[in-house]
Amino acid sequence: MKPWAVFCLALLCLELQNGSCQAIKRKKDAVESSAHPGGKRTRARQPALTSRKGKSQSLLTQVLDKGRFLRLGPSTTLTPGKSVELRCKGTNIGWSYPTYLDTFNDSRLSIKHSDKYSQLVLTSPSAADTGSYSCWVIVCDGTECQRDQDRTYASYVYFTDKENLFVPSAIHFEIVYLRPDRPAVVPCRVTEPQVEASLHREVPPEEITANQTLLTFDPTKGFILRNPSADLQGVFYCKAASKGTPQISTKYQLLYVEVPSGAPFVSLGASPETVRGGDNVNVTCTVLGEPEEDVSFRWSYPGQDRRPVHIQMLWRLVNRGMGHTTRVSQSILSVDNMQTIDFGNYICKAKNINGETIVTTKIASS
């Protein structure tokens, strides 16, 4: 190729390159000019973290060694014995954890609050501490405060222990009530999510086969009976195995009950029925209700605040045939050496979670 041809080709390439750069630059300047009048350049801002909604605002985390943090998922598996520190970001935080830690006022658990986060520390955890741990942001409007459901964070923590495949219970024989209108749970929870468990009746000895419609197993709850019936009454236990060694859970007494929910059904009577001055009298207020349903009693009577009385509270479970079990709760008001001031109307007010019932009986001098 001739030297003048090479020189012309080089000039043409250079011109094309400059033109492309200028075109790109002009395009960029045009975009910036249309976005910012006056042609001034500004840096695009990223959205502030505080304006983003979602769980990034407050996280439930575990504090690891050397100041490292681990965000907890729906479930977490930990080793017993090593202290656990959980943190939840926020200035006003509430916590929940296995209820027995509160029931026994366990000193191993402590909660501290700071300006930026709340801290839960559990020292020397064991298999018994397996359960749900959660935190939430508390929102207040004046003096009224409530949990923010959109900023609630929970993790089910397994403290895996090969010697305790089932979460130990403080009660060695528990009662499970079966109702026809709701599922029942045999609460043999496990300390490792992969453990396979089975449900067994003690007498006659048999295994209750799990299926997806009537009986299912949830490692965080136990065996769930979808449609309980009276034929499932009896003593049951759960069994699991690790490396061929079987373990059994606490035993459970399954009782079938069929008592309608509502305000207490109350009866009131005095003994003896015929009363004279100087007699000792018992006035008994009786409530029939569901086995685990607590009932509170209040009394009004003629000599109130002027005459001494003795009030006794008791309850018991009663079988009413066909496998039905009912709780009988009673409050007994005793008056010794009846006097004129003691005659009149005795009023019993019985209350449960569904309502209150008021009944009256009159004691007159015979």
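Cβ atoms here come from the backbone N, Cα and C positions, even for glycine.
It should be emphasised that the depicted structure is a prediction, and the values quoted were computed from it without experimental measurement.
So that you can see what the record holds, here are the features copied from TrEMBL:
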- 1-23: signal peptide (SIGNAL)
- 29-57: region 'Disordered' (REGION)
- 47-135: domain 'Ig-like' (DOMAIN)
- 264-365: domain 'Ig-like' (DOMAIN)
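DSSP places the residues of the domain 'Ig-like' (264-365) in helix, strand and coil in these numbers: 3 helix, 63 strand, 36 coil.
Here the domain 'Ig-like' (264-365) has a mean pLDDT of 88 out of 100. Note on the domain 'Ig-like' (47-135): DSSP counts are 13 helix, 37 strand, 39 coil.
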